[in-house]
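S.K.: Annotation comment: TrEMBL describes 12-33, 140-161, 199-216, 236-256, 334-352, 359-378, 425-447, 459-481, 487-510 as transmembrane segment.
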Amino acid sequence: MAAPVADSRSWFPALALGVSLLKCLFISCYHSTDFEVHRNWLAITHSLPVSRWYYENTSEWTLDYPPLFAWFEFGLSHVAQHFDRNMLLVENLNYASPSTVLFQRLSVVFTDLVFIYAAKECCRCVQEQKSSRDVLNRPSFVLAVLLLWNFGLLIVDHIHFQYNGFLFGFLLLSVAKHLQSQHLQGALLFSVLLNLKHIYLYVAPAYGIYLLRSYCFTQDNKDGSVRWRSFSPLRLLALGSIVTSTCALSFGPFIVMGQLPQVVSRLFPFKRGLCHAYWAPNIWALYNVLDKSLATLGVRLKLLEEAELPKASMTGGLVQEFQHSVLPSVSPSVTLVCTLLSILPAVASIWWRPCGARGFLRCLLLCALGSFMFGWHVHEKAVLIAILPLSILAVESREDAGIFLVLSTTGHYSLFPLLFTPAELPIKVVLMLLFTIYSVTALRKLHRGQGSLLHPLEVVYLLGLIAVAITCEIVFPLSPWQQKLPFLPLLATSVYCSVGVCYSFLRLYISLLRREEKPKQP
């Protein structure tokens, strides 16, 4: 592990302050229905007794995050009452007074302090280049920009509206603690994160296997295999105590009230369907398109009767269950099996060929992408779970930098449909261009002399996003298809970006499986 950068205090606060001021400029921008979701949760946790939190359904946006996040909303509500008490009334649906907007926007900015601190800790963990005399060309500085000024987080949290920066702060801080060999602190932070938002179960296998293999087993044999006699029951007990106590504090009150089944039903609503309203760019988007194409071909060849086919609900932009027309319909159990199979080689790798904390980080990325690729009802925003941690590896390895450029560019562009109002079009285009251009130039300078970061076909594919953007954002809205096929731009965006995400997943796997076996590192 590299030593902390001596002059980090001189430039890091300036980066953090600059991006915080930028976030404040977005206060009056468009906000999505997630704004009302969190306002409603403020009202539920402030106005109702705990026993009714997970039963309240006046609004369609019911509380469906773990209890620890509900307590987080409860804490925010006590500050919110000083801005506008009316926002805390459950019956005030879609309430968005200027004071309410100001409070909720500022709450995201201030809770991002967790993310800022986590980014600083991650910067302390990267390996500095001996020849990097210029601060702007140091891996720690580039990493700070890639994290603090991440395009995806800026538009999802501070325009669309969510608290992802606060949550990613716990994830990155946990990763940093493992890179610093402070494993119990890392485990505690991840346990807290799981009880804030259960989507991070995606990466739980990486944590579980890594801590069991590299923390509970304290020694290896000479060939790198596990020395079974080195198992430490006390270390396992310490980890178990951390997880158990955190979950007990979070879920305990609801278990005592006999409400655990109700809470679980809210956390895992499998009736929402295979895909989100806007398909995440994953394998199921390609599967859906293939099914639709086969159905269309079958009708034209008179092999299928159009009247007997299921309605095209899966391209209607609705959150619901649907049946495929030609290919077998996919159930939650099928997606679970596919997800487990997709992450199995990565998890097995850190058990049989442990490569220290950076091997764990690589496994975490594959678990995140595997779950994103094959999971049930995946949100497009979940791609950030892989993009942000990959930034750490990108500033240290040329190969990882190339993968980062493909994944971040396609993953970030896949978020474009979240901001569909004309006023936000220049904002998202300029922000993404600035972030992408910086990423390419900064990473190229970091890894100069080591070869090109991108292959020619990768460059062609990424440039193709420009054509997709022009078609979807400018040409299509002016065409007659706008009324007939309103979901077509979402479909095109999702399918095109699916190719890049799938490709990045495969490249990450190849880079993992071909690495030479190394002894455990801190």
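Using N, Cα and C of the backbone, Cβ positions are placed for all residues, glycine too.
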S.K.: Ranking 199-216, 334-352, 459-481 by Cβ pairs under 8 Å to the transmembrane segment (487-510), which is first?
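M.R.: Looking only at 199-216, 334-352, 459-481, the most contacts with the transmembrane segment (487-510) come from 459-481.
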S.K.: May I ask you to check whether the transmembrane segment (359-378) and the transmembrane segment (140-161) make contact, with contact taken as at least three Cβ pairs under 8 Å and only pairs 6 or more apart in sequence counted?
M.R.: no
S.K.: Rank 236-256, 425-447, 459-481 by Cβ pairs under 8 Å to the transmembrane segment (140-161) and hand me the top one.
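M.R.: So the stretch in question is 425-447.
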S.K.: Please identify the stretch among 12-33, 199-216, 236-256, 425-447, 459-481 with the greatest number of Cβ pairs below 8 Å relative to the transmembrane segment (334-352).
M.R.: 199-216
S.K.: Report, as numbers and ranges, every residue of the chain located at least six residues beyond the transmembrane segment (459-481) whose Cβ falls under 8 Å of a Cβ in that stretch; write 'none' if there are none.
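M.R.: Residues packing against the transmembrane segment (459-481) from afar: 405-406, 409-410, 413, 416, 425, 429, 488-489, 492-493, 496, 499-500, 503.
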S.K.: Pairs 6 or more apart in sequence, C-beta under 8 angstroms, 3 or more of them: is that satisfied by the transmembrane segment (199-216) and the transmembrane segment (236-256)?
M.R.: yes
S.K.: Six or more residues out from either end of the transmembrane segment (425-447), which same-chain residues have a Cβ under 8 Å from its Cβ atoms?
M.R.: 26, 29, 129, 137, 139, 142, 145-146, 149-151, 154-155, 159, 394-395, 397-398, 401, 404-405, 408-409, 412-413, 416, 419, 453, 469, 473
S.K.: At a C-beta cut-off of under 8 Å, are there same-chain residues at least 6 beyond the transmembrane segment (236-256) that contact it? List them, or none.
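M.R.: That would be 50, 54, 66-68, 71, 184, 187-188, 191-192, 194-195, 211-212, 215-216, 262-263.
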